[in-house]
Amino acid sequence: MSSGQQPPRRVTNVGSLLLTPQENESLFSFLGKKCVTMSSAVVQLYAADRNCMWAKKCSGVACLVKDNPQRSYFLRIFDIKDGKLLWEQELYNNFVYNSPRGYFHTFAGDTCQVALNFANEEEAKKFRKAVTDLLGRRQRKSEKRRDAPNGPNLPMATVDIKNPEITTNRFYGSQVNNISHTKEKKKGKAKKKRLTKADIGTPSNFQHIGHVGWDPNTGFDLNNLDPELKNLFDMCGISEAQLKDRETSKVIYDFIEKTGGVEAVKNELRRQAPPPPPPSRGGPPPPPPPPHSSGPPPPPARGRGAPPPPPSRAPTAAPPPPPPSRPGVVVPPPPPNRMYPPPPPALPSSAPSGPPPPPPPSMAGSTAPPPPPPPPPPPGPPPPPGLPSDGDHQVPAPSGNKAALLDQIREGAQLKKVEQNSRPVSCSGRDALLDQIRQGIQLKSVSDGQESTPPTPAPTSGIVGALMEVMQKRSKAIHSSDEDEDDDDEEDFEDDDEWED
């Protein structure tokens with residue numbers, strides 16, 4: 001059983017001595033993905049109630065489990081018959097494991113005192129060794145981590161001070177600074193002359209380098225981060241989590257140092273960043289105005305131009321409308337019939353009964369002298385009934401220039417599929433023209449396609465492109481390697497090889 005001597009470093013499961021190989025295999029399958037048992041034993045679980053009496057809780061196989069997904073260690077008891085977890089206790093910080101008896105081990109649980117009563121003392125011995133070795137290793141690592149912050153977090157930049165007057169005392173000064181106990185011993189002895197401001201010369205080749213705000217343990221300090229650096233990180237798509245991540249932030253810090261430091265990065269950023277933004281911001285505004293400015297003009301043009309054409313087309317446009325509107329009749333009388341209905345449209349301007357008689361004579365004389373005289377009396381009565389029933393289709397028949405204009409406007413409305421107007425039939429060419437103008441505005445507002453300027457791509461050259469390339473390489477490295485191994489050094493008490501798949 002040499003495998004149980006160094007369980008924390010093993011990646012294989014350690015079964016119980018009292019179980020068969022098949023039972024141990026079943027136990028291993030109950031552990032869960034990426035979980036390993038470092039020691040296993042058949043036990044009874046006891047808990048001390050308020051009366052300080054041990055009470056049995058359950059029986060099963062106890063396992064010291066290394067849970068890689070949770071990055072922690074647990075004591076877990078499984079029922080191998082039902083294949084379920086009966087109890088668990090995480091090994092918290094300062095966990096103390098006692099063994100008052102070789103077969104009876106106790107420790108403080110989350111809610112009460114807990115004890116494991118082992119069925120086999122050999123198993124109890126191996127189990128105890130696995131737990132104590134793990135606790136000891138964690139203790140040593142935590143002490144190392146506690147001592148580490150005492151040292152310098154950042155390498156101190158050395159400055160060469162050329163002054164011959166203090167070169168003879170440089171070695172002594174370093175001893176005084178680095179060895180405190182020797183300094184205390186020499187206090188009683190004769191004191192050497194201390195340096196004064198006059199003895200210290202001015203430094204040569206001194207350059208002030210801005211502080212990046214990066215700490216090797218906590219990453220970048222987001223509260224005190226330089227605004228220009230933050231702008232650079234935003235342009236490269238670097239998140240706050242990446243700036244806080246120890247490894248990723250170190251990659252970014254190394255990049256800044258290799259580039260020449262914070263000031264060099266900021267100067268490069270100032271030289272490159274300003275030019276691109278203006279064009280990208282100035283580009284979008286121009287396109288929108290053209291559509292808006294071009295949209296309104298067309299409708300008015302139609303409104304002004306519409307009246308002139310109708311008069312010239314009046315003689316030619318008047319004949320066509322009648323045939324399509326009356327497909328059943330080809331004889332000349334129908335056109336006059338259509339001519340006479342117009343009198344009703346004039347009703348709004350004058351009395352209902354008065355308008356019919358006057359218009360017929362005038363229209364008959366202007367458009368077709370022979371046909372109008374015979375039919376005037378009969379057609380008079382039919383139009384009124386026809387108007388209420390078929391007002392939408394029979395109304396566009398007025399003759400003359402106004403009639404032609406009205407016919408043209410109405411034909412245009414039919415072609416544009418807006419004839420289902422709820423408003424009353426227009427009584428004059430002016431009203432019809434106004435309707436056409438309104439309809440034209442509605443159609444115009446949705447007819448034009450919008451002109452869109454392609455967005456200017458973000459700059460990927462210079463300092464921004466270089467940093468983005470570094471971050472892409474970092475991302476590929478993270479995804480290509482195992483996720484568990486990448487995050488190993490983030491644990492406070494674990495080594496790089498602690499967590500495994």
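Cβ coordinates come from backbone N, Cα and C, glycine included.
According to Swiss-Prot, the features are:
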| type | residues | note |
| --- | --- | --- |
| COMPBIAS | 442-453 | compositional bias 'Polar residues' |
| DOMAIN | 31-138 | domain 'WH1' |
| DOMAIN | 200-213 | domain 'CRIB' |
| DOMAIN | 401-418 | domain 'WH2 1' |
| MOD_RES | Ser2 | N-acetylserine |
| MOD_RES | Ser239 | phosphoserine |
| MOD_RES | Tyr253 | phosphotyrosine |
| MOD_RES | Arg304 | omega-N-methylarginine |
| MOD_RES | Ser480 | phosphoserine |
| MOD_RES | Ser481 | phosphoserine |
| REGION | 135-158 | region 'Disordered' |
| REGION | 263-403 | region 'Disordered' |
| REGION | 442-501 | region 'Disordered' |
Reduced to three states, what secondary structure does DSSP give Ser239 (phosphoserine)?
-> coil
Integer Cα-Cα distance in angstrom, Ser239 (phosphoserine) to the residue listed as 'phosphotyrosine' | 15
Candidates Ser239, Tyr253 (modified residues); min other-Cβ count within 10 Å returns Ser239
What average pLDDT does the predicted model assign to the domain 'WH2 1' (401-418)?
-> 62
